[in-house]
Every structure is written in structure tokens, then in C-alpha cells.
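Features as listed in TrEMBL:
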ACT_SITE  Asp59  active site
ACT_SITE  Glu124  active site, proton acceptor
BINDING   His57, Asp90, Glu152  Zn(2+) 1 binding site
BINDING   Asp90, Glu125, His397  Zn(2+) 2 binding site
DOMAIN    174-318  domain 'Peptidase M20 dimerisation'
Amino acid sequence: GVALCICLTTCPLSPSSAFPTVFSSSLVHHELVGNYSHLFRVQGSQPDLVPYLLLAHIDVVPATESDGWEAPPFSAKEMDGFIYGRGTIDDKGSVMGILQALEYLLIKGYAPRRGFYIGLGHDEEVSGLNGAKNIVRILKQNGVQLAFVLDEGLAVIDGIISGLDGPAALIGVSEKGSATVKLTVSMLPGHASMPPRETSIGILAAAVKRLEENPMPRLFGLGPERYTFEHLAHKFKLPMKFVMSNLWLFSPLLGRLLERQENTNAFVRTTTAVTMFNAGVKVNVIPSLAEAHVNLRIHSAQSLQEVLDLIHATVADQRVKIELVEGFDPLPVSSADEKSFGYQIIKKTVLDMFPTVTVAPGICVGNTDSRHFKDLTSNIYRFAPAWFKPGDPQRFHGINERISKKNYEEFVVFFFNLIQNCDIQKLPEPHSSVHEL
């Protein structure tokens, strides 16, 4: 059952035999994209309703049992009510939840009014250049515009933000930009017995140290992270409730508090991480070349070019060559107001399932396949109903990645309800209660 399905990439079961109704229904058109990705078009009975897209990815990051896993990482072993395995959170829960929900709906004889697409990319972990990008190309060729896109990203957090009373479902309305920058120092090689005053390694190390000691400016309150804290303010006790409710005055103060912790510093600024450092071939030779790679995640209020200018200004050494390996600007911010069809449908689906949860817009500090779809819609949302308790975010790309059987069932129910909720033609008028559409 569940274990077999979660482990789709490693078991002999084919998708068509796991979901026979999806693959045999006359309402569903399926095509293979870029050899390994999947695009499904589910036909709606009212073609005038603009379709939407549910996005997920089937690839995972590497894992080996020797890293310290309690169960083999590709076994989908069930222990204490949890399914352990690489991909259970990222992103097989969504892959299987979407397909399982559609399978159940079709078995029940359900025919959607609003048509929709399902995109399952195969290379999200390496930027989605063959999977998601080719799915976008096909949709563009067919002249498709989308009402909204829903992809992985944020989740239901429970006890993760200190001081927050109760769980919160954060729906990502944007994601940070990204840049990988290479710093290089070249000098004439020499013998270690007669070293110059400064070596290539010393010059480069000093440049890297300057980048670490001079972080990018604090920009808290100038991006979508502002909406997150304004929406959650009423779930905090005083004085934090007062601070968050008056960010026009207290943004700098809250920014200073958030930058003290690594997991919240990412909301406050463009982050700088030195990830690779290479130099030297022999203990008694002064190397001619030293190079370092720096990975930056760009805050919504900054551009890629502004970040590159700041790197040049901070390194401030002509001997250090600075080149952009790859990068892109932060993604546009999607609407989260009362008129936003996609946001409100996702919110309604969450609140129908979890009435006690507070829903708020959020920012993704990592990147997803959905960033490739910005020409097809201005409404891109990043959320899956994964329930994160303290310690769970560290399992993401880490050891002992797992999902509870109960939470996996909630994934299926979430997409089962979401697909049906999308069948309304337009949103009802906003209601006075924050918990109703």
C-alpha cells in the first residue's frame, strides 16, 4: 500500500499499475516529458474556466544508510506510525497525494468542471532544466495560461517559531533569488621555503572573511516576510503581539531579533554561504591558484545585480577575480488578498481540514520548480500539508526523513478536496470572519 507507493522510484511497480484509473480515464491525457517527467491534462466540463496546475517532483537528493539512518533510506520502512525514506517529505508526499486523490475521484465517477494539469518533474533538485522547463515549453506551445500553480515549498509548522501559539500553515507567495559566485586569486607559483608576504590562499581567505564579517544589509519588512508576521501577530503574547502588529515602527527591532538565529536570519537579508574552497596541490608548493564558491539567497527587496555590486564593494581587492557562475532575481510576489482565487482556495482547503490552524503568506528561502512557470501565471503558491514539529525541518535533505501515515493520508485528502474546491467559478464575496471564504 502506502510504503510501496511512496517508494515509487525504487520499486518495480509502474505508475500505470499503481494508478490504473488515472492512466485509463478518457478525461486524462498523459505524456512523458524530457524522458522522465510527466504531464497530465485533466479535462474539465466547462472549458471557459481557466485551468490550474498542481506541481511536484519525483527526484530526490542522495542518501546512504551509513549517514546514520534508523532505516535504509530507500526502504520506505514503517516504524512507530511513520514511513521512513528519502523523499517522503521532499517530494513524494505531494506526488503520491495528487495521483492518489485523482485516482479516488475518478473511481467515484467525478468529472471536474475546471480542467487542470499535473506536472511531475524529474530534476527539481538540479534546477528543473529538463523537467519543469520542458513542461513549461509544452504548455506555452499549446497557448495555456493558468489560474494558479501550486507547488511544494512551505508547510504547517507546529512549535517551530518560538512564541507562536498553535500551528500555522504558511503558503509561499514568493521565493528568494539565488546566486553562485566564484572568487579566484591567481599568482606565480613558488617554493614554500621562500614565501611571498601574501599567498593566493591568504588573499582569498581574507576576501572570504570580509564577506562573512560584513553580511548583506538587513531588509526585514521590505518583502513578503512582513505579511507573514502581520498575519501571525494575534497568535503571539505581548509584547511580541504589539511589535508585530506595528511593523511600520518596529521592523528594525524585529529584524535585529530575527537575525540572531540562523533559521530566521534567512527572512531578514540576502544570506551568504561559503560552500567550496579549493587551493594547493603539495605541502611545499605555494599554489598559483586559489578559488572559492559562495552561494547567496537573495532577499525579495534586492536584485541579483545589487548583490553582485555589494560583493565587489566588500571584497575590495583587485587581485580577487569575481565572476557569477549562475543566478537569478527573487521571484515576483503572488497576491494573497481576498480576491486571489488560488490563495483563497488553498486557504479554504487547509481550514476545512485543520480548523485550528492560522493561515499566513510566507516566503520560500529555497527554490522550487514553480519558478519556471512565471510566464504562465502571476499566481504561484508553494505549500504542501506536511506537518512539521521541532526537529522535522532538519530531516529535509537530512537523515531520517519521514512522514507519518496519518500525515500522508492528509496529503491525499488535501488534494482530493482542493480539486473539488477549484470547481467553483468565482470566489464568494469576502466574509467578515477570517476563517471563511
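From the backbone N, Cα and C atoms, a Cβ is placed for every residue, glycine too.
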Residues close to Zn(2+) 2 site centre defined by Asp90, Glu125, His397, Cβ within 8 Å | Val60, Val61, Gly87, Asp91, Phe396
Minimal Cβ count within 10 Å, across the binding-site residues His57, His397, points to His397
In the same chain, outside His57, Asp90, Glu152, whose C-beta lies within 8 angstroms of the Cβ mean position for the Zn(2+) 1 site?
-> Ala56, Asp91, Ser94, Glu124, Asp151, Thr368, Asp369, Ala384
From Asp59, Asp90, Glu124, the recorded positions whose CA lies within 10 Å of that of His397 (Zn(2+) 2 binding site) | Asp90
Which number gives the other C-beta atoms within 10 angstroms of the C-beta of Glu125 (Zn(2+) 2 binding site), all protein chains shown included?
-> 16
Which one, from the recorded positions Asp59, Asp90, Glu124, Glu152, has the smallest tally of other C-beta atoms lying within 10 Å of its C-beta?
-> Asp59
Mind looking up the mean pLDDT for the domain 'Peptidase M20 dimerisation' (174-318) in the predicted model?
-> 95
Residue pair His57 (Zn(2+) 1 binding site), Glu125 (Zn(2+) 2 binding site) - Cα distance, angstrom, rounded | 9
Using Cα coordinates, what distance in whole Å links the residue listed as 'active site' and the residue listed as 'active site, proton acceptor'?
-> 7
To the nearest whole angstrom, state the Cα distance for the pair Glu125 (Zn(2+) 2 binding site) and Asp90 (Zn(2+) 1 binding site).
-> 10
